[in-house]
Amino acid sequence: MADVNQGSVLPGETSPPALDGLNATDSNGTDAVNATVAKFVATPEGTALAYGSLVFMALLPIFFGALRSVSCGKSKVAGENGCDYEYRNSSDMPETITGRDAARFPIIASCTLFGLYLFFKIFSQEYINLLLSMYFFVLGILALSHTMSPFMNRIFPANIPIKQYQLLFTQGSGETKEEMVNYEFDTKDMICLVISTVVGVWYILKKHWIANNLFGLAFALNGVELLHLNNISTGCILLGGLFVYDVFWVFGTNVMVTVAKSFEAPIKLVFPQDLLEKGLGASQFAMLGLGDIVIPGIFIALLLRFDVSLKKNTRTYFHTSFLAYIFGLGLTIWVMHTFKHAQPALLYLVPACIGFPLVVALLKGELTEMFRYEEVSAEDVAAKEGTTQVEKKDK
């Protein structure tokens, strides 16, 4: 989605001057260069630390998001088998991506990207980023709270009473009453919300790269967990379409790089290349777009759920695709560092994440079974159960 880039400055911070030279006139009237402010050049140690950290951070939401997506998948299976399970809130329900959605996604993403590019060209970047900051402030708090919730459930003291709350907004009255918002939460959720709000305020006020990454990791993990591909074919369509999208917008135009550098929102992970020299106040960043994590991540999560469906107590396809992602991302960074040009990461990630598992399935004789694997959306399960209950009443 977004490219892998180096030597950037986090939006909201000031870039140091990058001038080839400052001309001055000496006493004899001749021009002389009396000072030079060179462009920042990262040390080998700083570069290795930055890209190693980016790879590590990219793997976290994929690994944990895939594991948490299995729980969502089991919930859907429970619904299919008639078990009494339902999601506490609609926000916890996974969104299933169909083949039709996958085919349209690159077109929608292209229109959105180009629209943002035009907005940044026409309107003041300051005001656009102010609106975007407030929007992602709210989204980031909710995403980080949802991410922290399972950890809070484990560490929350058992002797503290847990109170249940419900936020309910309705429209109309009587038979025409309609629920607009119905959100249930408890004491642990309130604590998560407070912690997330502190991080959000820190991000709004300072635009610090650590706060940016906390929100970015939360967005990525929630995306991998809650966006479910319904089958392997849909995954191939989505990744193939975004492969073309990524290559075109990075190599064909300067649109994606311009938006990525202008967009003052936690839509990318960043890590400073000058951390060893300047500490937490570093300002020269390597970056990785969240799309390069979430898009391959939801495909890897699908392969993990396929592994679980085989009931062989192995995670062959998950491990294969996970290693393929590491290989593809490492290759992206190597090419970018070698040719000193921003790279569309999906150019390398898509062939690796699709190709490696398909080769393994072909060698194991499970290719047909892989493409026959199908997941049913939670909405379809609910509709099916409703139809079954109606039929039972009629009988």
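Note that Cβ sites are derived from N, Cα and C of the backbone, with glycine treated the same way.
These features come from TrEMBL:
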REGION    1-25  region 'Disordered'
TRANSMEM  48-67  transmembrane segment
TRANSMEM  102-120  transmembrane segment
TRANSMEM  126-144  transmembrane segment
TRANSMEM  190-205  transmembrane segment
TRANSMEM  236-260  transmembrane segment
TRANSMEM  280-304  transmembrane segment
TRANSMEM  316-339  transmembrane segment
TRANSMEM  345-363  transmembrane segment
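Between the transmembrane segment (345-363) and the transmembrane segment (190-205), the number of CB pairs under 8 angstroms, six or more residues apart, is fewer than three, so the stretches are not in contact. For the transmembrane segment (280-304), same-chain residues at least 6 beyond its ends with a Cβ under 8 Å from one of its own Cβ atoms are 1-10, 13-16, 40, 42, 47, 50-51, 54, 57-58, 61-62, 65-67, 69-70, 97, 208-210, 216, 219-220, 223-225, 227-229, 231-232, 235, 238-239, 242, 246, 260, 267-274, 315, 317-318, 320-322, 325, 328-329, 345-346, 349-350, 353-354, 357, 375.
Most Cβ pairs under 8 Å with the transmembrane segment (48-67) belong to 316-339, among the candidate stretches 102-120, 236-260, 316-339.
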